[in-house]
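Data block below; observations after.
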Amino acid sequence: MRFLFFLFVAVVHLFSLGSGKAIYKSGVSQRTFQEIKEEIANYEDVAKAIINLAVYGKYQNRSYERLGLLVDTVGPRLSGSKNLEKAIQIMYQNLQQDGLENVHLEQVRIPHWERGEESAVMVVPRIHKLAILGLGGSIGTPPEGITAEVLVVASFVELQRRASEARGKIVVYNQPYTDYGKTVQYRERGAVEAAKVGAVASLIRSVASFSIYSPHTGHQGYQDGVPKIPTACITIEDAEMMSRMASRGDKIVIHLKMGAKTYPDTDSFNTVAEITGSKYPEEVVLVSGHLDSWDVGQGALDDGGGAFISWEALSLVKDLGLRPKRTLRLVLWTAEEQGGVGASQYYELHKANISKYSLVMEADSGTFLPTGLQFTGSDKARAIMKEVMSLLQPLNITKVFNDAEGTDINFWIQAGVPGASLRDDLYKYFFFHHSHGDTMTAMDPKQMNVAAAVWAVVAYVVADMEEMLPRS
């Protein structure tokens, strides 16, 4: 009988979500899904107030103007740079002046790499200066540079097939762009795979959906036991040109010179501000973006926009005189571009309280006009998030997609905390990503207003609901 009872409970649990009779537990309380739907529906007026203030009202364009002031003043914010630390101190002051609570800096250790002077020139079959951007963490060349013949390949499979041709050469990858997740492996692993077959350097076709002769930088990693070789990204145009030349049987020779250096790790800070919860202050909805960037462009899109709509979300809640039941916590991460370095240390520092995190949110895919929210969590939590997103019907942004994305929140998501990220126009995003084109010109104030409204509504409602989002 005991077994049959538990079997009955399991069956009811499995089928009840669609019927509106799912049981959620918070302490000793039991609530049906219908009751939760009704609770969320009661936030309609609050959601409209947030939308009106952000998109049509007094504070429209505020996140855009705040962002422009920072990036025009400071510029790009590479991990380990003085620019990044200047930006952190400015944001620390800004958040205090904005009237947010518990504003503080949490110290972390981060990498310090500088690209130095760099150049690449094709000297055979003709003289042609290549636009390049060294990849983060790359070693430099000898002072005199490297002059070597080129081997062009379209994939790692082709590289292995032609391994006997690679020794002493510069491997040029002309991999096709499918999507970022699949194509970025060439940037991440290109140098290692080339070094394994004896190459002296690697040049990788930029991981981008479109190019107007623009190289795109990014993170790459070396592997223990494999020689380190210099590595950089080149433009799509030059990669395709060299592929055509090679297919005709032309010999290609490049002179590569890179002054990149890695210095000892240095101190930096994650920047934190809150609106303290009124009823469950120890419980948290985390809203975030990263403050660091690469050393090209202004870091406006990646990830100034995400950081500033996250700040704007708390500002909007504060400006409306709202105080959610649980704490809204803003975190502006440092050293995300080096693999979530600041976020990993935040996780280690705070994971003892993991049961108190209802939702972790990160905006790091641009702040163009969002089409919805990407979400990772239990089926119960997803059903709740669909109801929350229905409050954004006035903006026609109500969809909930699978798989929240965010280097900085993945630590929490993998540990079972529900996670959310903006669903954005990634095709357009990769026009500018990690390039000199990542400037305020890529930003649209009206689209930032909408993104901030979506972010604020979701964060506030989840933070103010009577119960935390249920986990698996």
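A Cβ is built for glycine as well, from the same backbone N, Cα and C atoms used for every other residue.
Values in this document were obtained by computation on a predicted structure and should not be read as measured data.
Among the candidates Asp302, Asp403, Asp464, the residue that Swiss-Prot annotates alongside Glu337, His434 as binding Zn(2+) 2 is Asp302. Same-chain residues that are not part of His290, Asp302, Asp364 yet have a Cβ within 8 Å of the Cβ center of the Zn(2+) 1 site turn out to be Gly289, Ser293, Asp303, Gly306, Ala307, Glu336, Glu337, Ala363, Thr407.
Between His434 (Zn(2+) 2 binding site) and Glu336 (active site, nucleophile), the C-alpha separation comes to 13 Å. Annotation for Glu337 (Zn(2+) 2 binding site): spatial neighbours Leu78, Ser79, Gly136, Gly218, His219, His290, Asp292, Ser293, Trp294, criterion Cβ-Cβ under 8 Å with sequence separation of six or more.
Spatially, by CA atoms, the recorded positions Asn61, Glu336, Asn353, Asn396 include one closest to Asp364 (Zn(2+) 1 binding site), and that is Glu336.
Per-site Cβ counts within 10 Å over the glycosylation sites Asn61, Asn396 peak at Asn61. You'll find the Cα of Asn396 (N-linked glycosylation site) roughly 25 Å from the Cα of Asp302 (Zn(2+) 1 binding site). Annotation for Asp302 (Zn(2+) 1 binding site): spatial neighbours Ser293, Trp294, Asp364, Gly366, Phe432, His433, His434, Asp438, criterion Cβ-Cβ under 8 Å with sequence separation of six or more.
Annotation note: Asp364 (Zn(2+) 1 binding site) sits in a coil segment as assigned by DSSP.
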